[in-house]
Amino acid sequence: MNNSSELIAVINGFRNSGRFCDINIVINDERINAHRLILSGASEYFSILFSNNFIDSNEYEVNLSHLDYQSVNDLIDYIYGIPLSLTNDNVKYILSTADFLQIGSAITECEKYILKNLCSRNCIDFYIYADKYNNKKIESASFNTILRNILRLINDENFKYLTEESMIKILSDDMLNIKNEDFAPLILIKWLESTQQSCTVELLRCLRISLLSPQVIKSLYSHQLVSSIYECITFLNNIAFLDESFPRYHSIELISIGISNSHDKISINCYNHKKNTWEMISSRRYRCSFAVAVLDNIIYMMGGYDQSPYRSSKVIAYNTCTNSWIYDIPELKYPRSNCGGLADDEYIYCIGGIRDQDSSLTSSIDRWKPSKPYWQKYAKMREPKCDMGVAMLNGLIYVIGGIVKGDTCTDALESLSEDGWMKHQRLPIKMSNMSTIVHDGKIYISGGYNNSSVVNVISNLVLSYNPIYDEWTKLSSLNIPRINPALWSAHNKLYVGGGISDDVRTNTSETYDKEKDCWTLDNGHVLPRNYIMYKCEPIKHKYPLEKTQYTNDFLKYLESFIGS
């Protein structure tokens, strides 16, 4: 004999013939012959049992009638070199028995089998099992499978076996795979109906109430399993006082607009949360130095340069709902580049920039309402400028920094309302080409150029502006200085990505930790190589149901959108 497999085969032959066997495993009326030494080498349970005088050395039987005979027999066969034959039907019993007998290699093999075969058909069953036996590895994996397949599972026969504690955990999770928060109450109601359990305030608190449509809130009010509970109605009567909720990960899509390394085309990329990668969903011919604004899930790109040396007045758009380009949009009043783009609930705004005729700066702000045949003059800034930060907050247009006459940066901060322009606290330093975002009631800016005279110092500064106190706060700096990066807010976090650093396109991204006031490089949002990200926008999924009138069977109507 020259290998262990031959030795194991010989020892198993001894067992089958009863040779040298010194212990019998008794399970009800069944007996399994074995050797103490072999069992002790494979099982911590048997090792302790046989070595610490738990049974007399002359005792030839161990009673394990509380265990499943077939599982014990399969595991002892496994100890003697016979592979486990695992199925979805027996793996739970074998794993539970292996865990009791503390057979580590069998436990690992069963766990691998379950993790490999987890799917929507068995995830609830395995989740309930793992929760009962405190197997954190399987519990976590099966729970994540439930989150991914939740809308498929609400009609599963096992859905009713989930406990209220489990439902609270599911409905509270940011990764719940719903594209609109209105589906969360549907999940809750389907579970209540399947269990015939009355609703609780704890379950209602799991919903992102501020994101629900009026139709779904009415559906909650009118459902018997909710309306019959006084505490639930009291809670729903006070939802106006609840804090603003943040969308779940899958209820928005991160869409980036930039220039790809493939023939320098405009590239529209979508972030794949499952793969943690950016995937290009569309592209078109080259353009740069354009402004971007988003209205009704349509991304508008205004002005800039195309493949000619001249600035453009063309406006194109990408519809994220239909995944199609729109070209029949009225042109700007004149060609311009390096301008700012904004949108409110009705209009697209094109702000400042450089005019084509003589490369002069412009102060004009034009706006366009979709369906209108032309752009109209709206206002003028106090001074011509380009490459400034722009933001829409509380109905006001804010213009931040920028490049003014003489190719110098400015530190001005001004806002435009119906009453005209208002000056605010100046920036701590003169800046341009920074990224801007509104988050949690404040304006954040990052990167760009800074300094007072020559525009040539790439910045890693991050600042926030509080409009209530009219003050700027300096936050922790970026790890990588960058100009024209994209700054975005998603899931109550700030991210910055892309841009140009040291004259080279950077594909790095960073995430801001508010509690620690620090930026960390974010490997999950790394951009494609040589990709300049102009802007990143969280796009909220929209459904036709949002314009539907309420009816008594509205939740059934909502259910018809599952899978669309």
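Placement of Cβ uses the backbone N, Cα and C atoms for every residue, glycine included.
According to Swiss-Prot, the feature domain 'BTB' maps to 21-88.
Swiss-Prot lists 123-219 with the feature domain 'BACK'. Sorting each residue of the domain 'BACK' (123-219) by its DSSP state yields 66 helix, 0 strand, 31 coil.
Among the features that Swiss-Prot reports, repeat 'Kelch 1' is placed at 252-297.
Residues or ranges marked as repeat 'Kelch 2' in Swiss-Prot: 298-346. Averaged over the repeat 'Kelch 2' (298-346), the predicted model reaches a pLDDT of 91.
The repeat 'Kelch 3' annotation in Swiss-Prot covers 347-395.
Under DSSP, the residues of the repeat 'Kelch 4' (397-441) split into helix, strand and coil as follows: 0 helix, 25 strand, 20 coil. Annotated repeat 'Kelch 4' per Swiss-Prot: 397-441, in sequence order.
What Swiss-Prot records for 442-492 is repeat 'Kelch 5'.
Taken residue by residue, the repeat 'Kelch 6' (494-539) breaks down under DSSP into 3 helix, 25 strand, 18 coil. Taken from Swiss-Prot, the feature repeat 'Kelch 6' covers 494-539.
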Spatial neighbours of the repeat 'Kelch 4' (397-441) far in sequence, C-beta under 8 Å, 6+ residues away: 338, 340, 342, 349, 351-352, 361, 365, 379, 381-391, 447-455, 459, 461, 463, 465-468, 470-472, 474, 483-489, 492, 494, 496, 499
